[in-house]
Amino acid sequence: MPEVPWVEKYRPRRLSEIINQEDAISKVKAWIEAWLHGNPPKKKALLLAGPPGSGKTTTVYALAREYNFEVIELNASDERTYDKIARYVQAAYTMDILGKRRKIIFLDEADNIEPSGAPEIAKLIDRARNPIIMAANHYWEVPKEIRDRAELVEYKRLTQRDVINALVRILKREGITVPKEVLVEIAKRASGDLRAAINDLQTVVAGGYEDARYVLAYRDVEKTVFQALGLVFASDNAKRAKLAMMNLDMSPDEFLLWIDENIPHMYLKPEEMARAYEAISKADIYLGRAQRTGNYSLWRYAIDMMTAGVAVAGTKKRGFAKFYPPNTLKMLAESKEERSTRNSIIKKIMSEMHMSKLEAIETMKIIKTIFEKNLDLAAHFTVFLGLSEKEVEFLAGRENAGTIWGKALAIRRKLKKEEEKIRKERKEEEKVEVREEKPEEKVEEKREERETKKEKEKKEEKKAEKKGKQVTLFDFIKK
């Protein structure tokens, strides 16, 4: 019988057991008690917002247990269209007439609700007769119509100490001892995500090593993808296979492609091969959900399926195993390069021709036809848009790209010569202007000198006259 995940085994059953979220829990209790007292709050939906692993989902189920509610859960990532979501949310409009228990409609990952369905869901919230609780990692990504109708309760990121204390309690209940440095390392890697930390702890303990320090040392050894594949395909031990992703410098979705490529080369029987492919298909589902929701703690489940699930699928070939790189990676790399070149051309068209993106995309189609049919005009477009050799090849194809590029270089050289010629002519004109300006400046200076001299002479004459008058008056008084 497979071991129960510790995340579920040790999930808090009561609100008081939730770690370091006292303010949030207090608001949630006040809100739900308003419903129980027959006085529903003005905002009939509650939005729990905070980082992954902070206790949002746990709060909903602990609340339901304490206040005797039935939880109807749906996930916005899986049920995105309004028609699908509405079937569940419609339950909020009526009481559960046949049963005694009231309902809580729990909408997880509300930040993934499609905007097109948000207005109708908002209407259903307005007329709800049962409480609706939503959870989201990113508050501002929840559609505005829903944010406006929901009371916000913020969950804070757990500290490293909070995470370590929770792990210690689990180890005590399991009767297991793990060195403190191991717990510190796990808490650091979790970044406040308690769910991820508990999954990591269970993985470390399940490694089967008496000394957990060995597992940490194993993390520090850099492995190639071929060594990681060896752990998956050369072992029938699920616990050992799960170590394959430790410290591998590759994301799980990339490693999945390598495993997928090598399954046919490793398994002997079709039914065993089918079991291996079933395991990686489940892993792919978890990876897809992690990508859509940003809840990367789901990677743990994906890694378990793609490593341990594949390892125990059947009998592998014995002896030397040659591993093959996935063709998918090559195709994705090529298509990525093409997309990058295409986007670069579109940006240049938008900039040089002052177009919107949609107009630029349509214009690029016309330009591509020109590049295939009229090489001379294509060369002029190359210069005008400032296209690179790779971009010319994208538009014209390899066969014509060389010719167009050569013509474009010739045009650029010609333009450069013209620019130099114009630059020289302008310099000559500037020199002539300077020479013409100098004589005028000298004449102007002489004129100013003459005027200054005249003014001085006039001043001196006035002084002399004044002096003459003063002498005459003095002489007159003396007489």
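From the backbone N, Cα and C atoms, a Cβ is placed for every residue, glycine too.
These come from Swiss-Prot:
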- G50, P51, P52, G53, S54, G55, K56, T57: ATP binding site (BINDING)
- 420-468: compositional bias 'Basic and acidic residues' (COMPBIAS)
- 420-479: region 'Disordered' (REGION)
Q | Those binding-site residues listed as G50, P51, P52, G53, and which of them has the most Cβ atoms within 10 Å of its own Cβ | A | G53
Q) Within 8 Å of the centroid of the Cβ atoms of G50, P51, P52, G53, S54, G55, K56, T57, which other residues of that chain place their own Cβ, given that this set defines the recorded ATP site? A) A135, N137, Y155, D193, L194, R195
Q: Only counting partners 6 or more residues apart, tell me which same-chain residues put their Cβ under 8 Å from the Cβ of T57 (ATP binding site).
A: D108, A135
Q: Would you mind listing, in sequence order, the residues at least six apart from S54 (ATP binding site) in the same chain with a Cβ closer than 8 Å to its Cβ?
A: Q21, Y155, K156, R157, L158, G192, D193, L194
**Q.** G55 (ATP binding site): tally of other CB atoms within 10 A of its CB
**A.** 25
Q: State the count of C-beta atoms found within 10 angstroms of the C-beta of K56 (ATP binding site), not counting that atom itself.
A: 26
